[in-house]
Amino acid sequence: MNEKIAILSAYSFVNIEEPANLIPKLLLLGKRKYIRGTILLANEGFNGSFSGSYENVNLVLEELIKLTGPKDVNVKINYSDVHPFQKLKVRLKKEIIAMNVDDLNVDLFKGEYIEPKDWDEFITKQDVIVIDTRNDYEVEVGTFKSAINPNTKTFKQFPAWVQQNQELLKGKKIAMVCTGGIRCEKSTSLLKSIGYNEVYHLKGGILQYLEDTQNKNNLWQGECFVFDDRRAVTDDLSPVERHWLQR
């Protein structure tokens, strides 16, 4: 029986002084360990999704942590019968998730986590609004029943949407959701930095929620878009078999 391919996603907002210096080391290790996927590096941290054997993806993660020294890392592992990526890329970026807001300190301004097991109860409270921080083509594939869709084409448009919808957000507990946690974490940082106090986000994102809860209350509708060759996954995280999604 062939070993399943492990797909490891990890991010951390941590200050990296010279991120470019890490690229050769990570490329060399990744290629030696037959890793495929993408790792983004910036002064604000790292964000990666890569595949290989379970042992090897964890070796790469350990090296990434050793090189950057984060206090905490958000990690998610799924499995597939095949590699969902074509090759390994390690790239230097201005931001690990591009929002185009200067001097946003995610470590200093960050919302509170809601654990997947508590999410359904939390978002059904009357004073809570849910915002899906993903792009419109992702939300179209699937989202939570009560979620507001900002209809953004890119995450860079999200700050403008916030500015235009302050009345909608005023006096509410704001719950942010995204695929794996990074966009909702940065979104809560934006809102906290401009004065919103009761800001929350789904720990581990939609993928962790589906794994932990199996969507038992049917608050999630549709499938979850993913940025690899699987294109989308169902509530049990199986790849969607039909190839209807075009970008």
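FYI, residue positions are counted from 1 along the chain as it appears here.
Cβ from N, Cα, C; glycine included.
The feature domain 'Rhodanese' is assigned by Swiss-Prot to 124-218, with sequence analysis given as support. What Swiss-Prot records for Cys178 is active site, cysteine persulfide intermediate.
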Using a 10 Å cut-off, grab the number of neighbouring Cβ atoms around the Cβ of the residue listed as 'active site, cysteine persulfide intermediate', all chains included. 23
Please compute the mean pLDDT of the model over the domain 'Rhodanese' (124-218). 95
